[in-house]
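A.B. asks: One structure coming up, written as C-alpha cells, with questions to follow.
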Amino acid sequence: MAAPPGYGPPNPGNPFTDQGSPYGAPLRQYPGENDFASRNASTVPLTNPAYFDAPNSAAGSVESMDGYDRPYSDSMNSRFSTGTTDGPYNPFADVPGSDEPYPAWTAERDIPMSAEEIEDIFLDLAQKFGFQRDSMRNMYDFLMQLLDSRASRMSPNQALITIHADYIGGQHANYRKWYFAAQLNLDDAVGQSQNPGLQRLRSVKGGKVQTTSTKHLDSALNRWRNAMHNMSQYDRLRQVALWLLCWAEAGNVRFTPECLAFLFKCADDYYRSPECQNSVDPVPEGLYLETVIKPLYRFMRDQGYEVVEGKFVRREKDHHEIIGYDDINQLFWYPEGIAKIILHDNTRLVDIPPAQRFMKLGKVNWNRVFFKTFFEKRSLAHLLINFNRVWILHIAPYWFFTAFNSPKVYTAPNKTDPSAAMTWSATALGGAVATFIMIFATLAEFSFTPTTWNNASHLTTRLIFLLVVLALTGGPTVYVALVDNTTSNIPLYVSIAQFGVSVVATITFGILPSGRMFGDRVAGKSRKYLASQTFTAAYPTLTSNARFASVLMWSLVWGCKYVESYFFLTSSFSQPIAVMANMRVQNCSDKFFGTALCSNQVKFALAVMYVMDLVLFFLDTYLWYIIWVVVFSVCRSFYLGLSIWTPWKEVYTRMPKRIYAKLLATAEMEVKYKPKVLVSQIWNAVIISMYREHLLSINHVQRLLYHQVDGADGRRVLRAPPFFTHNTGRESDFFPAGGEAQRRISFFAASLTTAFPDPLPVESMPTFTVLVPHYSEKILLSLREIIREEDQNTRVTLLEYLKQLHPIEWDNFVKDTKILAEENSQTNTVDGHDLNEKHDNRTDDLPFYCIGFKTSAPEYTLRTRIWASLRAQTLYRTVSGMMNYSKAIKLLYRVENPQIVQRFVGNTDRLERELERMSRRKFKFTVSMQRYAKFNKEELENAEFLLRAYPELQIAYLDEEPGSNGSEATLFSVLIDGHSEFDEKTGKRKPKFRVELPGNPILGDGKSDNQNHAIIFYRGEYLQLIDANQDNYLEECVKIRNILGEFEEYGISSQSPYAQWGQKEFKKSPVAIVGTREYIFSENIGVLGDIAAGKEQTFGTMTPRCLAWIGGKLHYGHPDFLNATFMATRGGVSKAQKGLHLNEDIFAGMTALARGGRIKHAEYYQCGKGRDLGFGTILNFQTKLGTGMGEQMLSREYYYLGTQLPLDRFLTFYYGHPGFHINNILVILSVQVFMITLLYLGTLNKELSICTTDASGNVTVGQDGCYNLSPVFDWVKRCIVSIFLVFFVAFLPLFLQELLERGTGKALVRLGKQFLSLSPIFEVFSTRIYSQSIVSNLTFGGARYIATGRGFATTRISFTILYSRFAGPSIYMGMRNVLLLTYATMSLWTPYLIYFWFSVVSLCIAPFVFNPHQFNFPDFIIDYREFLRWMSRGNSRTKASSWYGYCRLSRTMITGYKKKKLGHPSEKLSGDVPRARWRAVLLSEIVWPIFMAALFIVAYMFVKSFPTKGKQNPSPLIRIAVISVGPVVWNAAMLLSLFFVSLFLGPMMSGWARFASFMAALAHFLSLIGLIAFFEFFWFLELWDASHAILGVISIVAVQRAIQKILISVFLSREYKHDETNRAWWSGKWYGRGLGNSALSQPAREFVVKIVEMSLWSSDFLMAHILLIVLTPPTLIPFVDMVHSTMMLWLRPSKQIRPPLFSTKQKRQRRWIVVKYTVMYLVVVAGLAALVVLPVLFRDRITWNCTVCQNI
C-alpha cells in the first residue's frame, strides 16, 4: 500500500520526468542524489524534532522542513489552485478552467446559468424556508460538484436535465414513482374537494371504471412528461436545489425516502404559491429543522427510547411493537395513508389546499398518525411464509415419492398389497400436504400484516380458495378408503383425478409466488397495487440470455435432485418400509401400558426414519445447488476470460499491450507518443509503489522497471524489463516467492485478460467519493502496542508476530532504515551502498533487526509504527490505501496529457499543483469519525497525523453543545479537512461546514447512523463504501475509470430524457450497485485465517459471479460502488432500525433490487479486507452473521422478495442468502434426528433376535421367532454416506476456485493443508454455531453475545472462558449426542459410525483444539486451577467472571430483567434485553423438552419390557421418576436446611468474611455427592448392565433438563440486574440489600433458582471434567505443543513463537501450582474413574437385597 509520503504528496515528477524531455526520463540507478524523498516514502521525513511539536498548521511549517517536502509549499493557500500571473507569461493561461472551482461549468461552455445565479437560488430558498446557512453552503458545493462532474462528459444543459431526471422527474426518479404510486396526480388534478382515496375506493367497486383508470394513468404519465419537458432550466435547478436542501437537514428522516418526498412536495407547492413569492422578510434560520424535521425525529426516537432521570434509556420493546423507519415510510405510499395525517386541531392535512400544507407541517400531531404496517414478530412462521415455495417443492414431492414406495403402510389388514385406487389416492395426498403448507402460510400472514390496511381482502379470498383445493386433494382419499373393497372402477377414476389435481396444485403453489395469487401485487394493472409494485416489486428485468441461464440452472438443479433423491433416498427406503410396516414385537409387556407401547416399537422407529429421510431430502438440494453453481461459475469465468490455464508466461508478456489498450484513454491523444512510453510510466509507478511499501527489494525492482538506455544511433531508447521480455514463468526470478508482490502483480495481470468498459479521459471522468465509517477502530498503532505483550497469555509482541508473517518486507524495511540512518549521521551523503560495505559490524545493526530503530527520536519510531500499522487492521492502512486513488488519477492525467508536462518544464511545483487540482476535483475521501470530538489525547494525535499526511482527507464528526439548564444537548454534523485552520482559543480545527442535527443521530446499531450523518458531505455521482479494516493498491486504483464505466452512464444519449422519444433511450433499469472482489489479507495466518479467507473466496467471488449474472446478487460487500443518487433518493446506503438491521448493508442490496436497481459484479478489481482471526473472534463474527440472518428473516424485505419474486429468481435469492443458513440448521438437525434413529434401531437390535440372511438378502431357513431387520441396517449405512457427502461438498467450491485461479498443484496443497489442520472439525463446529445463533434469535431475539475482542490468533484463551462461551451453543448438545452415540455403538456397531464419532466429538472439543498452546502441560494445569476457582467464586462478593454469573446470564434470556434501577456496577453486563415472548418460551422451553424426554423414555421402556432372568421387570417409569426427580428433591431438602442455618448463623458470623463462600461450597459439594449417589444407585438397579444404564441415563438427562427448563420459565419472575439475592441467600443477610418489599418474596424465588443451579452446577462440574480427561492424553505426548502450533499457525518449528519468559520467582510459583494441582486433578479423576471402573470389575460381588430396590 503506498504509504504516505511524510507529510505531503510525493513528487510524482521525480521518478519519471527529466526536465528536458517531454516524457519519462531514465530512472536513475537507485541510490542517487535526490531520491530518498520519494524512495522512503513510507518514512516520515527526517526533519528536526521541533517539527513534531509545532502546533501550527502544516502550511506555515514549510521552512522547518529540511528541504524534503518541497512540493508541499503552495497548494495550501487557497482551496482551489489559483492561476498565478507572474510576469508576462502565465503558465496556467491555456489550461482551460484551471482557476475555476468548477472547471466544466464555465461561461465559455454555454452553461444555462452561472455559478453566481445558482448561488442566488440557494440563498433565496434558504431565506424562504429557513434552511441553515452552513447546510445551504454545503449543498451548493454539492450541486456544483455534481454539475461539474456531469458536465465534464456532456453539454452543461444535458447535465442539468439528466440530474433533474435522476432526482425529480425521470423514468427512474424515486420522486416521480412515488408521486404516481400515492396517486397525488389525482389529488393535484381533482383538487381537495373530493378526496382521491374515496374516489379510488368507488372505482374499485364499479367494474368498468378500471380500464379508464389505467388509461388515465397513461395520460397522466404523458402530462407529467410534458410538464417536465416544458420546464425552464431555472425551475429544474430550483427543484433539485430544494430537494437537496430538504434532504441535507433531514437527519434520520433520510431513512424514510417517501416521507422525504412528501415533505419536498409540500415545500415545492408552497414555493410556487403567491404567498411565498410575495413574502419579503426572510424567515428565521433553522425554521425547517425546528418545525418540520424535529417533530418527526422525536417521534422516531421516542419509539425506541424513553427518558429516565434525564438520560435516554432503551425501551424494552421488540420490533413488532416499535413503529420503525419502514412503517413511517409506508404511510406515505398510499393515499389513505396520507389522508390519515391530522393536525392538533383534528383537521386533515389533505383538506388544506396543497400550497398551504407546508406551513401547517409544524402543527401535525405525528403521534396519532403512524401505525405498524408489518409486524416483525419473532416466530419460525416467517420461514413458512417467506419461503413457502421451498417447503412445497420439497415436502410434496417427498410425499409423492415415499407414499408410492411404502404400499405396506396403507394396505388393508386382510390383503398383501393395496388396491390400485388406494395407491393412487394415498400418493395424491402430496397435493393436500402442499395445500396445508399454503393454508398455514396464509394464516401466519394474517398475523404479520395489519388487516385494516388494504391487503387483507386477497388473503381471505386466498384462504377460501385453498380450503376448496384441500377438499379436492384430500377428500377423495376418505371416500376411496371407505369403499376400498368394492369391485367397481369408480374409486380408481376418482383417485386418478385426485392425483391429477394434486400434481397441478403442487406445481401451481410451487411456481407461483403467493403474492401474485388473487390480486396480483407484482404485475396487476389496478392502481391499488401500484405502490407495492413500485417500492417492493419493481425488479429489474434480466437480459434474455441471463434469464435463460437462470431457468436452465434451476432446471438442472431440480432435475438432478429429484432423480438422485428418488433412486438414492426413496427407492432404497422402500425395502426397510416393507419389512417394518407391519412388524409387531412379541412377548413384551409393561406394568402400566401392557403391550400398547412396546409392541409398536418398530413403528416408532419407522416414523423417526421417515423424518430422517425428509431432512436428507432437503440437504440434497443444497448439494446439487452448490455443484451446479460451481459449474456455471466456472463456465462463466471461461466466458469472461478469467481462466488461469493460459500459462503465466503468456499472461505476463502480453501485459504491456493490455495496459495500453484497456487502462489508458488514448483515443484523443496525438499519435507521436509511442505506446511503450505511456505504458512504461504506469508500470514503473506500480513497481515503485511496491518498492516503497517494502514488498520488493532493490534487486527485484531492477528487473521489473523500464530503463532508458543508449540506443545504437546514440539516441536514448526505452528498454522493456526482463519481466516482459525474458519471462520464463519462474516467478521467483522477479519477486519474492509467495509474497504479497507476486499476488498483486499476478492478479493485476490476470484481471487485464477480462473484458471491461473503456475509460474516459481523466478530465471527463465522473467524480466519486470514498466513505469510511469509523467508530473506535485503531487509527495508528502506538509504540507501546507494538513492542509490549498484551498480557501473559500472548507470548509474543505484535512486532515479533508481524515480522514472522512478513519476513521479506521486514528485511527490506530494515535495509531502508539503515541507509536513512547512516545518511542522517553523515552530513555529506556518500553512496549508501558503499557505507554499508564499510561498516559491516553486525552488532551495530541488532536494534534495527529487533525493533526497526536505534535512537528513539520520534521520526524513527514513527516509521516502525507505520510499518506495523500497514500490516494490521488499522484505519491508517485504509486511508493510505484509498489515497492511492488520488495517486492513480494524477498518474493517469500526467501520462495521458504529455503537453501539461511540457508546459511546466522546470517548474515541478506548478505541475504538481495542476495534478493535485485534477485529483481533488475527481476524488473525495471522507472518514465519518463519529467519536472524534470525544477522542482521547492519543487518538487525537493520530487523527491529526492522518490530516497532516493527507490534507485532502475530510473528517465528518458529531459535535455536541450541552443544552442550557438541563435541556437536551444540541448535536452538529461537522466537516474538517487537512486545510482547515486552527482556532487559537480552542486549539481545534475550524470546521468547513457545521450543520445542526434534529437530535442524537445514533438511534440504531451505530454503523448505518454513522454513514447517514456523514452522507451529506459526499460529492460527485458515485460512492464507494469501505470498512475501517480494508486496504487498496495503486494498480487497482488505476482501473477506477473502468469500474465507474460499469454504471453504464458514460455514453448518455444527447436526447432529453423528457422528449417524446427520449424516454426510450432512458428505459433501461439503472445500475445501483457494482460489487467487486475482496481479498482477505489475513489468509496467511494459519488454519483459521485460511478458512475465513476461503469462505470469502467462495462467497465473495465464486457464487456472486454466477448470482450477479442470473440476477440474484444482493449483498453489497464492502468494496462495492454505489450509484449515489439512486441510493440517496431511496433511503440512503443502509438501513438503521436497531436490532432489526444488524447486517445493515444487505438491506441496501434488497432495497436496490426491489426498487428497480440492477446489481452487477466486477471480477477485475479487488480491495483488501481484514478478518478476525482467533477462534473466538471468528465465531463471534459467525454469531453476528447468524443473529443478523435471524433478524433478516423477520424483516419485510424478505417477505416481499419471498412472496413476489418469480420462481427462478426466488430460488437464486433463497439459496444465495437465507438458504445457506437454513441448510446449516438442517445439517445439525439431521445429526440429531439420526442419533435418535440409531437409538431406536439400537434398542431393536439389542433386544430382538435378528434373522441372518444369505448373500441375496433372503432369510435363511430354520430360524423361528426372529425379526428380519437387515435391510434397515443397509439403509443406516446409506444415510451416513449422505450426511458425509453433505458435509464434504462444503470443500468443493474452494477446491475448484483454487484450481481455476492457481492450478491443480496449489489447490491440492491447500486442501491437504486444511485437512491436516483438522479444518473439518472447525466446519462441523461453525455449522452448529450458525444454526444455533439463528434459531435462538428467532425464538428469543436479542443479538446477544459476549464479545471476546479482536485478539491475535496467538493468544491462549483459558479453559474457563472457552467453556463458558461455547457450552450453551455447542458443548451441551455435543455431550448429549455423545451419550446417544455411545449407546448406538454398543448396540449397533458398524465402522461407518466412526465418521459420526468424529462429528459429535468435534462439537465438544473444537474450541480447545483450535486454542493456541492448549496442550502445554503447565498451562493446562493452571487452567484447571482457574476452572476450580471460577466454579466456586462469586458467592461472598461480586466477581465479574464466575460460574454463577455465567449461569445467570444464560437464564435471563428467558426471564428478562427487572426495570428497577439500583445503580450497581454489575448492571453493565446485562445490556437492554427484552423478555422473550411467552409463545416462543412455551414451545422451545416447555413443549419441546417434554417431547424429547418422552421419546427417550419410550425407548427405555421398550428395553425394560422383556423379562429378566424369567421375572417380569418392575415398572421402568417409576425407576426413571425416582432417579431423575430424586436429586432435585435432595437438593431442595439440603438447601432448605442450609437456608435456616445461614439465616440464624449468618448475622452472628458477620466477622468471618468467607462464611457465605463456605456455605455455598458445602451446598455445591453435597449436591454433587447426591447426583453421583443417585447415578450409582441406578446402575446397581440395572444390575450393572452398561448399555441399559446408558439408555437410562439418556432418559434421565432428558427428564432433568425438562424439569429445569420448566422451573426457570414458569416459576421465575424477572431477574434483578445485580446479584444481591445470591449473596443474601448464602450469607443469610436479607436486610440492607435495597430489596425493599420484595425482601420477603425474593427468598422463595431464590430457592427455586438455587434448586436449578445445584443441578446445573453438578452437571457442569462433571462435564468439564470429562472434557478435561479427553484433552489430557495429548498433553503427555512429547513436543506436542510444537506440532500443534505448526498445525494451527502454519509456521515451521524454527520460526515458531518462543515460550514466554518468566522471572525466577514466577517460575517457582508456577512450579508449585503445577505440582499441587496435578495431584489434585489426579485425585479427582481417579475418584470419578473409580465410580465407573470398580462396579464393572466387581459386578458379581456387589449385590444386596432390599425390598424397595425390587419394586423400582
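Using the three backbone atoms N, Cα and C, a Cβ is placed for every residue, glycine included.
Quick paste from TrEMBL:
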type	residues	note
COMPBIAS	1-13	compositional bias 'Pro residues'
COMPBIAS	37-46	compositional bias 'Polar residues'
DOMAIN	234-346	domain '1,3-beta-glucan synthase component FKS1-like'
TRANSMEM	380-401	transmembrane segment
TRANSMEM	463-482	transmembrane segment
TRANSMEM	494-515	transmembrane segment
TRANSMEM	602-619	transmembrane segment
TRANSMEM	625-648	transmembrane segment
TRANSMEM	1222-1241	transmembrane segment
TRANSMEM	1392-1410	transmembrane segment
TRANSMEM	1480-1503	transmembrane segment
TRANSMEM	1523-1546	transmembrane segment
TRANSMEM	1558-1581	transmembrane segment
TRANSMEM	1662-1691	transmembrane segment
TRANSMEM	1712-1738	transmembrane segment
A.B. asks: For the transmembrane segment (1523-1546) and the transmembrane segment (1480-1503), decide whether they are in contact, meaning at least 3 CB pairs lie under 8 A, counting pairs 6 or more apart in sequence.
C.D. replies: no
A.B. asks: Mind tallying the domain '1,3-beta-glucan synthase component FKS1-like' (234-346) by DSSP state, helix then strand then coil?
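C.D. replies: So the counts come to 74 helix, 10 strand, 29 coil.
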A.B. asks: Looking only at residues six or more beyond either end of the transmembrane segment (1392-1410), which have a C-beta under 8 A from one in the stretch?
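C.D. replies: Hits for the transmembrane segment (1392-1410): 1087-1088, 1175-1176, 1231, 1234-1235, 1276-1277, 1280-1281, 1283-1284, 1287, 1318, 1320-1322, 1324-1325, 1328, 1359, 1362-1363, 1365-1366, 1370-1371, 1373-1375, 1377-1378, 1381, 1384-1385, 1667, 1670-1671, 1688.
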A.B. asks: For the transmembrane segment (1480-1503), which partner among 380-401, 602-619, 1222-1241, 1662-1691 gives the most CB pairs under 8 Å?
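C.D. replies: By Cβ pairs under 8 Å, 1222-1241 leads among 380-401, 602-619, 1222-1241, 1662-1691.
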A.B. asks: Can you tell me which recorded stretch out of 380-401, 602-619, 1558-1581, 1712-1738 has the most Cβ pairs within less than 8 Å of the transmembrane segment (1662-1691)?
C.D. replies: 1712-1738
A.B. asks: Grab the same-chain neighbours of the transmembrane segment (602-619) for me: Cβ-Cβ under 8 Å, and only residues 6 or more beyond its ends, written as numbers and ranges.
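C.D. replies: Hits for the transmembrane segment (602-619): 394-395, 398, 402, 565, 569-570, 573, 576-577, 580-581, 583-585, 1223, 1226-1227, 1229-1230, 1233-1234, 1236-1237, 1240-1241, 1244, 1267, 1272, 1275, 1279, 1282-1283, 1286, 1498.
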A.B. asks: Taking only the residues in the domain '1,3-beta-glucan synthase component FKS1-like' (234-346), give me the average pLDDT of this model.
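C.D. replies: The average pLDDT of the model in the domain '1,3-beta-glucan synthase component FKS1-like' (234-346) works out to 89.
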